[in-house]
Amino acid sequence: MQFYGIFTLIFVNCNFITAIQRRDLLPYGPTKGDVLLKEGDDEISVVLKLKKSLQFYNTEFNILYVGTNGILSTEPPPSESEYLIRGFPLSFPVIAPFLTDIDTSEGRGAVYFRSEESLDTLIRVTHMVQKGFPQMRFRATHCVIATWDQVSFYEVESYESQTHITVNTFQTVLAGNKTDTFALFLYPEGALRASGIRDNTSDSSEAGPTTARVGFNRGDTSTTEGLFYSLVSKDESIKKLFQAGNSGFKGVWIFHIGSSRFDFQRVVPAVVPKATPAASPQGLESGFNSAVKPQATGTDDNSSVLIGQRSVAHPDTHNETQGSSPLKSLSQSPPVQSAGSLINATETCGSIHLHCSQDSFCTEHPTGPCCQCRSGFYGNGRQCFPGGVSQRLSGKLHGLISIGGTKVQLKWADLHGYAVVGEGRVYVSIGPVPDRAGWALMTVGPLISLFGWLFALELKNHQNGFSITGAEFTHHAEMTFYPNKEHLNVTHVARGLDSFNHIRLDTHIQGYLPSIPQGARVQIQPYKETYQYNNSVVTSSSLRDYTVVSENGGAETFSFLLRQNVTLRGCQHGPWNIPDFQQLDVEHTLVTYSPEGHILRYAIINTVGPVGGELPGLLEVNPCTSGKHYCDPMALCLPGEGVQYHCQCAMGFRGDGRNCYDVDECTEGLSACGPHSQCVNLPGSHHCHCDTGYEFDFDWRVCADIDECLLQLCHPFASCSNTPGSFHCQCWPGYEGDGFLCQPHQEPGPALTVCQQHRDSLLKSTGLLDGHPLGDIYIPQCSEEGLYKPLQCLGTTGHCWCVDSRGQERVGTRTLPGNPPANCDQPAPLLPRAETLCERWRSSLLSHYGGQPSAQDYMPQCDSQGHFSPVQCYGNSSFCWCADKRGREVTGTRSHDAVKPPCISDIPPYLPQSLVNPTVISVPSGSAVLYAGGPWIGVVPLDGARLDHDRFFVLTAQQDSLVTGLGFDCRENMLYWTDLTRRSISRVRLVPGHEPELIIDAELSCPEGVAVDTEHRKLYWVDSGTDRIETSHLDGRGRAVLFDSDLVNPRALVVHSETQTLFWTDWNRDGPKIECSTTDGRNRKILVQEGLNLPNALTFDTKTKQLCWADAGTKRLECVAPDGTGRLVINSQLEYPFSLDIYNSHVFYTDWKRDGISVLDKSTGKQTDFLPIQMSHLYGIAVIPSDCL
């Protein structure tokens, strides 16, 4: 099907420095830790889970999907037939570097993606963003890299006979920190082709080429603001993607795509900087190639040998004479550019401090500077670690291996290690690993020998792997097992130290392994291995033996040939002081597999020294050399005369050397943290974190104030004043407001509502104040109260439509002249809409089950609007859990109980337009019950303890709201409530005409129970999304977190002002409980735990001094003394209580089963009254005594 775009790009005519080439892309491929997307025409990746969130528009996300067709999305995209033939806007969120019909079948290109936190990459990406947004002091802390490498357009038969296959290469980087996210689109010169684009969704053989789209699609149709940003949409403009740019470099496009600092509604492109034609290309080198270049784009020479394009042959059919030898390619692979490429000859120490460790110093050399670890530390200058301190390792193992003809997939097993540097001992565990692979992997020496080389005990004038590489390297190994010639490839990618000083390392393994019998042991005898060194690569080869001992004691010895190299980053400017050859002496190797925990365990002890054995002139082996000393693992062993030695605690530790203890630099005032920063102690070291409103300066050591005024957060008619750690906005003279919204000053008069202001401004601007006929001009119609009338019409034309409380048109209600207007008190008629995520998922599973799912199969439950139901279950079973609006399971809600969990939907129920009124309509004249009915708060007057059924009314009602918890301040006659949909806490004074006041709307996820300490003027609430209990002053100031641990599903909260005690419930299905503490967060303890199931409701009876709760699982209403004694069951036949309060010796509670308010006599436990309110579930409840009004 042929389709055409409607948006074009206007390119700025400016002088660009140069165009980027394929080699300038960020390194990618399997050896860089990338995941390879499955080949195909419309493939979607497995979910990429991000450790740190990114922002898209004003929404945070921590999962991402990558699609074949040049897209990334925060939710599973629909079938390509639903979006390829449509232009922007689309029905789902899209980041589209090159959206078109791409097909990678039959090896026609590849798609790679990964999340990345390496310092090299972050520095490089930060430089790139700062070139496009020089006014923002952005520092990337994490990023996602996706690369489409030589991918092809979809080709049909008629096209294949006329055109050759066209390939395209492009890359996308999403770079973010805790508040902002930027997107970088990189298009190498000549790497895009527009001809031959064709979509396979068309049934017509006459359809022509499709159009590629580039840009961003919000995917949120609830607003018309900033739905999408389109960069290019016509084939003839495709070439301009690499012939132009908005960063000063051809082929580089940078955009600000999201922020959590303000209501981000529109994508902001970078501003093209001015450049002169004679500008040096070094700007490109430093901005986009300032890190180590890849050996080749996509898959470097080594990866093509080990795990890239070369497929490993089965040992029975492998022919060593076919093609070039992989081993030859290994030994002849071009070395990675050294770290010297990071520092060109024109740079000095003053300009490269970003590349050096904080524990290093810089030395000038004739050709350039180099980083070098200071005394007491060791490493490559870029990564430095205290000498003698034990080192931890962490990473992942993944790959595909074949054992005896059976393929086994290794799916990102955890790798953890511990190195005792002073003794040359290393311990590594990997798991979980499938049993068949676990036994066979005991023979793979490189999985442990690499770590032995990295932390071998150093003999004099010799260095282990960490001293040379700083744990920044790529290790390739190829093993050939005899006698059957099985071939295995192993790749390690080490990315230096993380913020906790742990080495980060990922391992990929692929090929064939000999089978090892279950229960057998593998023994590896001591051996020596020679390594050859230069400043960019380390190589070695050896033939090793191993013995397999079966369970019955039988033993057989086999061997394998190992060829390996390590590409590293040395500094080319300084002297090379490493011997050309060093010998690794492995004294002991132990390997075991535990089928119970599916864990592989390795241990190795080794030294590194001269080739041939011990250093000359040593008659006796010093314990420091042999590792047989009694120094603490966190100490250095200093050899003396003969066998004498001295133990000295490592940097950051103190003690006598045999017992060393960490020095807490933070508490002892020894830290290097400057003003406006916080010190975090680490073993042997410490880190500094900047306070809110500050960020690290360019040297990453001093915390400098963030000038928020550069971000232009104030209103255009306001001035901005930067203050230390904050800023202040003030409206210009003649304007009034808070600085974020400034309006012309008006003379005091009757306060106008939004509708009245809207109406009067249009009347004034159109000159209709004199009473001229309206004609075809729209003027809002307001009610006597100043609210928008539900029905609005366009002058006298007869065009009419319904609006909400904000004056926004309700979709599907517009009528034409001559037709009766819509009934605005009824929901809008259903319109055709795209399938929702829940419906797409349901359809997919239905197809998977062949259209007939069994009673035990999981099928997503969707409501009438296509939203996920808050309670999800497996078939007709009682295996249920809570789900959020994206269908994701809420932690701690899963159970097999007959009573389904009390899940709250964050999608508000429909509210008739006639009920919408955010102001207080009326107030009770005496004691009354207040209840939360979703989008409204209702009032039921009381006659003693009886509900007045005939006089209940709505206090306030707001669209798109879900009120959950209620709290009342009797002193100021103020009602407080939590709103789950708006993620906020508001309050309103119970006076007719008063409007609600928003007091907290930041860093809330699922606020539920709320309580007011009337005596001490404090507010408390629980958040089941962040699993926190927080407090603040009654106006929202002075906010503080009381508890953020050991909470799973907190719900109800009550405070006893007299004793300053806080009580709360947690309906964690694995361990429900009721806890208490002081109101300042001290003396936390579990008050009730036995006999609980779903403790939803909680209140304190001030008359009897009892804490009472209602359990929706046990169906009980119970009370207990504040110290946990005297537990008493009041009623054991409740239905499904949600919230309760006690007044005049009666219990008032909302019931989800009966959808109403029930009343019990506390002394007898019998129901005395019930009021059905069946418009929706009822939530919080609060009783107002008559003396409060």
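Just so it is clear, glycine is given a Cβ too, placed from its N, Cα and C backbone atoms.
Automatic, uncurated: that is what TrEMBL annotation is.
Values in this document were obtained by computation on a predicted structure and should not be read as measured data.
Of the listed residues Cys873, Cys882, Cys873 is the one TrEMBL pairs with Cys880, by disulfide bond. In this structure, of the disulfide-bonded residues Cys873, Cys880, the smallest number of CB atoms within 10 A of the CB marks Cys873. Model confidence over the repeat 'LDL-receptor class B' (1017-1059) is summarised by a mean pLDDT of 93.
The Cβ neighbour count for Cys793 (disulfide bond), using a 10 Å radius over every protein chain in view, is 18. Long-range contacts of the domain 'EGF-like' (705-743) within its own chain (CB-CB distance under 8 A, at least 6 residues past either end) are made by residues 135-137, 261-262, 676, 691-695. For Cys800 (disulfide bond), applying a Cβ distance below 8 Å and a minimum sequence separation of six or more within one chain yields Leu791, Gln792, Cys793, Leu794, Arg814, Thr815, Pro821, Ala822.
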